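A quick write-up on the structure given underneath.
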C-alpha cells in the first residue's frame, strides 16, 4: 500500500491550570503538529508530535512543521510501511527524529486500520490490558509538592516524578524530603528529575544529602559527559532522559553501565519502529524504562500506550501522558484517559481513535 497524500496541521493546546514548570522554563500553551496520511485506498492514518517549547530539547513547533514539509514532499508514492518509510525519510532529511516520529505513528495507525488490528499487535502484542501511568509534579514549593504527592498517591498513581532544578539546591533537597515524608510507607516510587538543570556539583550534593530516600535520579545534568562524571560518586540509581537521543546513544550508555534505566520518549527516538527496538534492547539488558512523550493530545498518547503495553511489566516504569494538562480530546468517546493511575490499552483498529477528518481545520500543507 502506497501513500497518496500527506496533510499537515497545527493545533494549540493550552495547559490546564498552567503553568507547567520545569527547569528549562514555564509552559503555558503548546502547539502540536498533526500528520494525516491518506493511502491509495483511502485509509487514513494519524500522527502527532508536540515539543515542550523551544528550550526543553533540540525541537520546536516551527521546526516540526518545516521538517515535515520537507519529508511530506518526498513521500508521495512511497510504501506506507515502517521500515521503507524510515529508509525513505532518512534519505530525505538527516536527523529530526521528532518530526519523523509523527509520520511513523501515522503509518502504524494506517496499517492497523487496514488490517483491522490495534497497533500493539503490530508491535508484538500487548502483555496487559491497562498500563501504569506516573504523575509529574512540576517545580513548585516544597510544601505544595508534598501536598500534591499525597493527593496523587491517593488517586492511584504508583510512581511520582518530582521536577527539580533552576533554583537553589537546598530548596530541591527540601522538596524531595517533604515529598518522601508525605508518601513514605505507601509503596510509591519516586524519580527526582533535574531535567538537565543541575551542575555536577549540585547533583552530587543532592544525592549525598538524601541517602535515606529511595529515588532514582533522572537526567540530573546537561550532558553525557556530566553523567559519566557523577556516576561513580552517586548514592542513587541514575536514569537517562534527554541525552537518550538515539538507539546508538542508548546502546553506548547501557554497554558502559552508565545508567540503570531510561526515561524514553517516542518522538525523541523517532517513532514506534525505533521504540520497539529500544524496548527489546532494554529487555535484553534488563533495564527498566518509561514510555512517554514530551507533550501532545490523544494521538501521541495512544501511541505511547500501545508501545507501553508491550513492555515486560517488571521493566515498565510507567507511561507519562500530558492528558491531565490537556482540556480536550480529539476523540470524545475513545480519547486516552488516565483513571486510578492507569491507562486502558485501546483495542480498536490502529491507534483506536476515530477522528473527524475536519477536526483540525484546513491543512497548512499538503503533498
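Every residue gets a Cβ built from N, Cα and C, even glycine.
Over in Swiss-Prot, the protein carries these features:
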type     : residues      : note
ACT_SITE : 163           : active site, proton donor/acceptor
ACT_SITE : 265           : active site, proton donor/acceptor
BINDING  : 56, 161, 294  : substrate binding site
BINDING  : 193, 218, 241 : Mg(2+) binding site
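Features recorded in Swiss-Prot, as mapped to the structure shown.
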residue	record	Cβ contacts under 8 Å, 6 or more apart
56	substrate binding site	22, 24, 25, 195, 242, 294
161	substrate binding site	134, 135, 136, 137, 190, 191, 193, 218, 320
163	active site, proton donor/acceptor	21, 22, 23, 136, 137, 138, 139, 193, 195
241	Mg(2+) binding site	193, 195, 218, 219, 262, 263, 264, 265
Within 8 Å of the Cβ centroid of 193, 218, 241, the other same-chain residues by Cβ around the recorded Mg(2+) site are 161, 191, 192, 194, 195, 217, 219, 220, 239, 242, 263
Note on substrate: the CB centroid of 56, 161, 294 has further same-chain residues inside 8 Å, namely 22, 52, 136, 195, 241, 265, 292, 295, 320
Of all C-alpha pairs drawn from the substrate-binding set 56, 161, 294, the farthest apart lie at a distance in Å of 17
Residue 56 (substrate binding site) falls, by three-state DSSP, under coil
